[in-house]
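As structure tokens, the structure follows; a few thoughts come after it.
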Amino acid sequence: MLTKGWSKWPLLACTAVSAAPAVAQTGADVAEAQDRASKPSAEQTGGLEDIVVTATRREERLQNIPVTVSAITANTLGGAGIVEVRSLTQVVPGLNGARNLSVNLPVIRGVGSSGVTVGDESNVATYIDGIYQADPFSTSLELVEVERVEVLKGPQGTVFGRNATGGLINIITPDPKFEAHGRISAKYGRMRGDANDYDLRAYITGPLTSTIAADLAALYRKNDGYIKNLASGGYLGRTRVIDLRSKLLFQPSDSARIILTGQYADSNDQTTAAQPFNNNSAGLFDPPLVAGGAPIPVPNVILPTRPWQTSLSFTPRTDYERYNLSLRSQFEFDGFNLETSTGYMNAKNAQDADSDSSNIYRGSTLITLKSDTFSQEVRLLSNGAGRLKWIVGAYYFNLDGSMDIALGGAPRSTVPPSFTFLAPEVKTTSWAGFAEGTYELTDTFFVTVGGRYSSEKRKLRQALNGVSLVAPAPGFDTDGVARKSFNKWTYRIALRYNFADDANLYASYGTGFKSGVFNGLGFSGVATDPEEIKAWEVGVKADPLPWLRTNISAYYYDYTDLQVNARAPGGLAFLLQNAATAEIYGAELEVTAAPTDDLQIRTAIAYTHANYKDFPDSPLFVALPQGGNLQTTTDASGNQMTRAPRFTFNLGFNWGRDFAGGRIGISGNLFHSAKVYHDFANTLMQKSHQLLNGEISWTTPDENLRFFLWGTNLTNAKVAQQISPGALGTYVVYERPRRLGIGAQFKF
């Protein structure tokens, strides 16, 4: 018999002093979450919410699954000032990232990719409502009317699977309700340079008939420039985002549910207005006119002297537009459920970037990307009360994409620029079958075994300056197409032992796989080898008190054939290659406490030891006295992996109390990160830093009207989100400066 109570493990119960991201929603939000048949629901257990997630492709209590998951509710996101995917790093332990141009590059426990080309999908997968989003810009959009975000850590080699060697981010949005309601919110803020910041959001849902309900979520956000352009005297960094999403729910009976979703997003972004890092720019000098001569200083060159300044020869931009359609269905039968997920996305992106980050034109990168993706998944899940829970499924994915790329510039400030034009076309087709089962050996001991077989075919057609590359160009056939197939079994085994009523110990071993990739930014048709990962993990999930939750995990990864991106010598093409093996191990602690009805506290700590184990020919950029970099190689074996700080910590809270005929609320979130390296050689570093966000609000007694003051990056920390070396210099882009503002929300 299982011994009730906590007398056998008092030390674990005493480890918690604050709280983790999975904190409770309140009021109408909880009622809505409980009302959903196809989404996680919640039940109040003492001071904490009992969160149900879909991390195993079925609804299960977060505390009962042998998977490390951080579940971030809408209430936590709002209180921490998190409105976009890339800011999730401030509340999720082990999740880090950077940017490449305007693309967010998530990293989970040291595993993440830096590619942004069509067909080179991230090894941290992004899902929206359980449907895979292959486009790399999907991680750069706003969080629009989100119910919850689930971050699954470690290789997802079975029920999610596709290329997710590091883990995945699953964004859960609310489904339509048969009870009509809605809300409208407006925010206004200011940044440096008197930049205005506007944020308007609306959501409405309700019934159309007794069996059909619909909803509409809308976002409009705009901010003025906050990056001083010393060359023109104006400001860069403007952003405009429009996002519309609508769902139609058809529920003819309690055992059938069909949801059609359409989404449109459009954004224009100047936040890639970079500045030279340590004044390293080729715009400083012209090359000598004769061999052996001295570099010639360029007159009128202007370089920034502090963060959020730039001096560019033209205005950079990133324009992004996408359309999404999805159809999800659930049918309940005697003994099993049938679920289907169908997704389609059309995405377009155009980017201009100044390659030397100076007001002297040296070079630029002009890229236009287009992609069409389609996915279909069918799942059968057991729904009986027996000791065996099982799921089997099949998955299909197809991507057609193309890029138009202009790389080049001017060797001297007085010479007209010349460009190298690439026009790659890529196609990816993927099939997979998977199965997983959990057997209850005893009332307290469970065994989970799952596997997935994946088959992927990739094609590349590359054109250089308008001429298709064919044999004898490396990798290409005589018809100008490079082809490669990849097949792999991945699997997972997990054990779970319930050693108290509200506590369990789990251990797992799993494998992950990302197929080989063609390099659309290079001149070769030779694909990389797949990268693979083997992961061991142990953890404890426990609710020692009704108001306290403590989850801890430790892991070890053996990571081989990492696919890495770097500029080729000369700075034109990019190299995508298998360049390293790595050893990763670490531990994470998430704690949630709700000691009173008025207070919730959350904390999360992550230690990540992520080092390259074997990386003998790592790219190294050496700064030249005349500006720019000389590219060579170095042995990066033993170096810390990029975008993988050793230690991160966050502490957040939500406090409320009746005041002045309504309710006052105060919330905040403090995030700390150890130093972060942005290159393999560990020469480009962002020092340890902190980010602080906060909010003060007052809500009317009926909770229909809410006013608030808000702020992000309250200490005005200068944090580099991207440091990138190249032949023409090294450039840096900083996170947004301090923002302060007011807002209001109206519910109806």
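The backbone N, Cα and C atoms fix where each Cβ goes, glycine too.
Of the given residue ranges 209-226, 281-298, 731-748, TrEMBL assigns the label motif 'TonB C-terminal box' to 731-748. Mean model confidence of the motif 'TonB C-terminal box' (731-748) amounts to 96 (pLDDT, 0 to 100 scale). Residues in the motif 'TonB C-terminal box' (731-748) partition by DSSP class (helix H, G, I; strand E, B; coil) as 0 helix, 13 strand, 5 coil.
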